[in-house]
Structure formats: C-alpha cells, structure tokens
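K.L.:
Next up is a structure, given as structure tokens.
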Amino acid sequence: MATKARVMYDFAAEPGNNELTVTEGEIITVTNPNVGGGWLEGKNNKGEQGLVPTDYVEILPNDGKDPFSCGNSVADQAFLDSLTASTAQTNSSSANSNNQVGGGNDPWTAWNAPKPGNWDSSDAWGSRTDGTSAQRNSSANNWDTGFGHPQAYQGPATGDDDEWDEDWDDPKSSSPYFKDSEPAEAGGIQRGNSRAGASSMKLPLNKFPGFAKPGMEQYLLAKQLAKPKEKIAIIVGDYGPMWVYPTSTFDCVVADPRKGSKMYGLKSYIEYQLTPTNTNRSVNHRYKHFDWLYERLLVKFGSAIPIPSLPDKQVTGRFEEEFIKMRMERLQAWMTRMCRHPVVSESEVFQQFLNFRDEKEWKTGKRKAEKDELVGVMIFSTMEPEAPDLDLIEIEQKCDAVGKFTKAMDDGVKELLTVGQEHWKRCTGPLPKEYQKIGKALQSLAAVFSSSGYQGETDLNDAITEAGKTYEEIASLVAEQPKKDLHFLMECNHEYKGFLGCFPDIIGAHKGAIEKVKESDKLVATSKITPQDKQTMVKRVGTMSYALQAEMNHFHSNRIYDYNSVIRLYLEQQVQFYETIAEKLRQALSRFPVM
C-alpha cells in the first residue's frame, strides 16, 4: 500500500524547481521518501508530482487514517491554523483553487466581526492570525552592490545576550540542490519552531502582550486615557484622512551579505549591511534581528497598520549564493516598504534599529521597545484626528467599504499570481522545447538536403541551418525572459498579497469595536455605563475609523505608484523581447532570396 502523508503547512512551489504546491490538511501520496536534503517526492490527488519539504508533512499510519480526524477536529484545526506558515513564494492561489498558495488558510475566511454579548472576554479581539507573506522585488542591481563602510557597527555581540543565541536563526536552505560539503548553517525548514516571533509563522495576536493585555474595552471605556509622549497626527487632505508625512523621506539599502560565525566556527550565519540614505552610516544585522523588528512593529502597530511578514527565511531550491541574494532582495523590499510608511518609519523602534551606535545603545533601545505599553489597540490612544467626530453609521460604512475592496483585491492578486505561475512554467518548460524542436528539425532537414550531392543548393542549406539555429536562440530567449519582466510583476503581487492578508484582522478589530458600541445601549439602560461613556466610545471608535481611512489612503497611493511602475516595466521588457525575436527572424529571412 502506498505511503500517505498529511500536509501540516501550506507550501508553494518555486517555478522551475520541480516542487509541488500543497495545502494544509491535504493528503498526498509519498512516491519517494529518500530524496534527501530535507525533501521527499509526493503526488497529489490531481496526479501532479513534485518535491515537498519533509518538515511540512506528517507520515500517516499504514491504514491511511488521519490521526487528526478523531476527537475535537474543529478545535484541533483552529489550533493548527494559529501555527500555520503562510508562504511568500512565487506561485500563489487563485480565489477558486485550494491547491494553490493560501487556499488552505485564507485569512479572509473569518474576518467578520465577533458575535456581540461577551464583555468579559477580550479574546475575540486578538484571536485572529495576522496576514503574512510580504515580498516585493526591488532593483536587482542591489544584489551585487557593496558599500565598504569601515565604520559599520557589527551588531550586538552574540555571546553576551543569551536570547540572541537561539539556533533558529542559523540559515541554510534545505534544498536538495545544496552541496553536502557546505559548512554547517543549520539546515531544515523551521516551520515548526515554537518561538512566537518566527517570521514564517502565522502569529496569533493574543500571544503578544499588546493584543492580550490592553483589551478593546480598556481603550473604549477608559475614563481618561493617559497622555502619551508620542503623538500620531491625522489630518484631512484632498483625498480624505491621511497620515502626516515627514518633510524628508529616506530609504535603507540592504547590501553586502557576509558570512559570520560563532562557537569557534561551529555555527555560521549571514548578516547584512543596512545603510539609511538620510545618515549614510551603516549598521549590520542578522536575519533574526529583522525578525525581532518585525515582531515589535506587529505588536505596536498591527491593530492599525498592516505589517506584512518578513520574507521566508528559507528560499528553496537554490544554491547558497542565489538563496542569499534572493533573501536580500526581499529584505530590501520589506525595508523600503517600512521606510515609506510615515508612521512606521518615524517610530522610535524603527529608528533605533537603523541608527544605534554601539552595543550598549542597541540593548538599551531593545529592552525599551519590549517594555513599550502603547501597543495593540492602545496605539489608537496616541492618534489625534484633526477632523469632526463621526457617527456610528458612517464609521460602519467606511469599515465595510475597506473590507469589500481589500477582499476583492486579494482575489485579484491571487488570480494574477496563479496565471503568472502558469505562464512562467510554460516559458521555462514546454515553450522553449517547442522552439528547440523546430530548430533541430530545420537543421536535420538541411543535413538531408546536403546529402543529395546536388551542387546548386548550398545557399539554401546554409540558410535553413541558420534558421534552425535562430529558433534555438529564440528558445533560450523565451526561457530567460520571465526573469526580466514577470519576476518583478510576481514579486510586487506577493508583497501586496502579504499586505492584504493583514487586513482581515484589522477590519475584524474595527467591526468588533463597532459591535461593542452597539451593545452599549444595553449597558446604559442597566446603568453600567453613562450616556457620556457611550459618547466617548463612539468618539474613540471614530478615531479608529480615521486611522483606517488614513491607512487606506496611504495604501492606495502606494498601490497606484507600484502597479503603474511594475506593469510599465513588464510591458517595456515585453516590447524589447519581441523586437529582439523579430530582428533575429528578419536576419534569418534575409538569407532566403526572393525567387
């Protein structure tokens, strides 16, 4: 009997790597468990076959029964959902396919507001998992750019702070294409890591103190909110509420990946040089430092601002140098996105990450950030909209409009990712082979003609041979073209898929707050709160609404710029591609005289 395995986490195949896209909960047939390098070969129920990471599946008993099918399956599934890894790789799901990326753990399936009636529990406000997978391509030129800044601080010492010595940061792709002789950078895909901050995991918001401790009621019903030192202003601009943008903007160049080691060379890691353009002073960070930053930003701003996950630590199916470049490219895109946000980029924790001067300053800032109390829904207490109060009906309408748009865009992005993946496969697989076949057939025909012994056909035979070689050249062009145009379009869509995956939780919190206000009439009737308390609740939910509208205006502004740029680039490269092919065909044609 064939061995069966249950998929524990969503996994998305990289184009051209002979991998198989699988969805959490899916049962696959193991066709070759001994591939090696942390991989096995499996086949899904559609007959599609490919490589799957061994850490992503659980081998089922010989009777084929799923050990998770008994007991409280709903509760089991809910628990697993809270730990499910969200992918950030090149092929994603369409809205209609559960076998593509995201199909088995769609954050939109449970974004509706929690049911009213339980004022004693704040679990409903923090139980949803955050959206993940933010990857967007930045300029490929950054791959090879080095900045020789001798003053670059090398990051916190790994031997002085135990919490920075955890093994989960030592990177190495578990791809079977890695050489066995490579020095040990801890292998294996880390989806099962228990650390809540691991970037490849979907993080339950109630695991963070900011989402569990300061509940929504604390924000809505507090008699008087403490006056925070930090203020986040919201103004009304030409397109509605908006964040206040800083007078000068900056980016951060991620470059110069270098291998470091610890424990006398027994463990190795990659660290990257970060150079903010506004200071031009470099600092070095390892991946787990980025992971720490992501966790702190999620804890602090995740109720109001979508904070997409870091690119996956593992980029599968790649040799080490290419893997490092790909991860650096995606870290660059993530940092650029954070630098472009007027609230995140100006936050103390983000500035600390980029501008610390020595190890002492780093550790002081790190611990201060971890003790920050203005996290979770309490971030709204720092916001001051310079706008009139909103009534509850308008607040609800604005929330519904955001939910409707982001859900529709999520579906559209997934569809484009699916189509793009299929096109990539055609361009790197069957299509070049067809051109190669035409080329070889033409050259074979020329060889046959040459064997005739007839003296007057040399020019024709040479022309046919060159035409055949032209088609072989076209085959190579077709196979390489996706890297020049489709790659950038796919990366942009992956980044937005990550952003859109964050909105169900944000919208869920807003809808829940609206429900709390609706329930407040009962509390007023029973004298548990005063009418003035209810008005305070409406005002504070209005502040949340202004924050949501400001964030959406920022989102739309970036969306218009990004998609205009990336689709323009795609079309420019396509035009150049077809013009190159046309020129080669013209040259081949010129060898055939008109008779």
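Keep in mind that glycine also has a Cβ here, set from the backbone N, Cα and C atoms.
Given the structure is predicted, the values throughout are model-derived calculations rather than measurements.
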K.L.:
Swiss-Prot tags one of SER73, SER200, SER590 as phosphoserine; which one?
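P.N.:
Cross-referencing SER73, SER200, SER590 with Swiss-Prot, phosphoserine lands on SER200.
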K.L.:
Going by what Swiss-Prot says, which of TYR9, TYR56, TYR239 is noted as phosphotyrosine?
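P.N.:
Candidates were TYR9, TYR56, TYR239; Swiss-Prot attaches phosphotyrosine to TYR239.
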K.L.:
For the feature region 'Critical for tubulation activity' as recorded in Swiss-Prot, pick the matching range from 201-213, 344-356, 370-382, 474-486.
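P.N.:
So the range that Swiss-Prot calls region 'Critical for tubulation activity' is 201-213.
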K.L.:
With DSSP assignments reduced to helix, strand and coil, which class does TYR239 (phosphotyrosine) get?
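P.N.:
TYR239 (phosphotyrosine) sits in coil per DSSP, no helix or strand.
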K.L.:
Restricting to the domain 'BAR' (392-595), report the mean pLDDT as a whole number.
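P.N.:
Average per-residue pLDDT within the domain 'BAR' (392-595): 94.
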